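Working notes for the structure below.
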């Protein structure tokens with residue numbers, strides 16, 4: 001695949017020309033043993049709200065810390081008329097808590113080895129570095145992004161809560177369609193979700209296969225324009241790279257270097273981010289406060305969260321139009337199944353697919369939410385507006401933490417005034433009702449919802465959106 005490179009400046013023609021978004025588990029024995037010998041749970045006070053896409057699901061639903069099966073206060077907000085009955089539930093899930101990737105583990109190992117090589121005499125002057133040198137590096141590259149035991153628990157508990165919230169849909173003899181990305185962590189998350197339902201469905205545990213469907217769950221891999229102009233384009237992440245070199249990150253870098261008694265030249269933004277993410281992994285996987293957390297204050301965490309959010313914004317969110325337009329294949333598939341359920345209901349037929357559960361990634365959910373216009377700020381996230389974005393809507397840790405879930409529920413309602421009101425829809429993100437843009441309500445008639453997204457449903461064609469412009473001097477300008 002051809003790589004399109006821009007000049008180093010974020011203002012270069014190549015990047016500026018890209019169109020802005022349109023609004024509308026097997027484990028190594030040593031690792032497993034360590035997990036069985038975990039110390040008592042401790043909260044990473046002050047930092048855990050800023051881990052971005054590496055955030056625990058409990059950060060968006062704190063009531064689950066005390067009671068993992070609690071439906072929470074949001075469950076009482078339905079406001080549905082009593083005469084409405086659910087017909088279909090379509091759930092898009094991000095996989096549960098996972099281990100770091102091999103690349104992250106390798107960088108952590110390099111940083112840890114550097115601290116261990118320090119002379120013993122230097123330890124007295126640098127207690128933080130000494131503590132980290134003594135920390136046991138238990139991550140192995142073979143763990144490479146695989147689902148952690150906590151990730152299985154995330155999925156099983158989510159399944160049980162959804163079944164409790166929508167008992168009619170999850171009742172016995174209802175058909176479950178279960179699909180997943182081809183990634184191991186997603187397949188295992190799907191299997192764990194099914195296990196969480198236990199005997200509530202009449203199907204035996206081996207009767208529901210997890211279908212692999214990368215065309216929907218990893219649509220971004222199949223979009224040539226996205227791959228060439230964003231994924232593999234060095235210039236597309238210029239705002240991210242500029243922030244890494246900016247004053248906010250420089251301050252964090254100097255502080256960490258000072259705490260570790262290292263020359264600041266020996267660190268860079270990527271190494272500091274690995275140290276910060278290790279703090280997040282230890283909390284999510286083990287529920288402990290890692291010594292790596294001691295390097296960071298809450299203000300540091302906010303800066304590092306912004307670095308994470310910048311990447312999500314420009315690679316998966318509103319930064320470039322193709323990020324979200326590539327998800328129209330998934331968006332349209334959702335409505336095709338809703339359409340089918342409506343037609344079956346009108347014909348007094350049984351709903352053929354009352355439960356559709358699909359497991360993907362943060363990269364599956366984030367573009368879809370952007371396509372629908374959610375969490376869009378008035379001002380784009382950039383390297384030079386960190387302070388102005390303090391209260392931004394686009395915070396990836398609040399939107400797509402581990403086990404994030406976007407749920408569409410279609411209802412059939414009796415005792416209505418018009419035929420349009422007979423079919424209504426709600427959307428939930430992380431088990432909380434979302435407010436629709438067109439109605440400012442948490443419920444919409446299905447007809448109104450389809451009308452609001454008419455342009456995407458009728459005019460967003462995956463093949464055309466993702467076709468790579470002809471390679472010439474103005475290729476990127478064609479975006």
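For all residues, glycine too, the Cβ spot is worked out from N, Cα and C.
Per TrEMBL, disulfide bond is recorded for 84-413 (among others). The Cβ of residue 413 (disulfide bond) lies under 8 Å from the Cβ of 81, 83, 84, 85, 421, 422, 423, 424, each on the same chain and at least six residues away in sequence.
The disulfide bond feature in TrEMBL is assigned to 279-293 (among others).
As annotated by TrEMBL, signal peptide applies to 1-44.
Take the CB of residue 84 (disulfide bond) and look out to 10 A: across all protein chains shown you find 21 other CB atoms. Note on residue 279 (disulfide bond): other Cβ atoms within 10 Å of its Cβ, all shown chains, come to 24. Within 10 Å of the Cβ of residue 293 (disulfide bond) there are 22 other Cβ atoms, across all protein chains.
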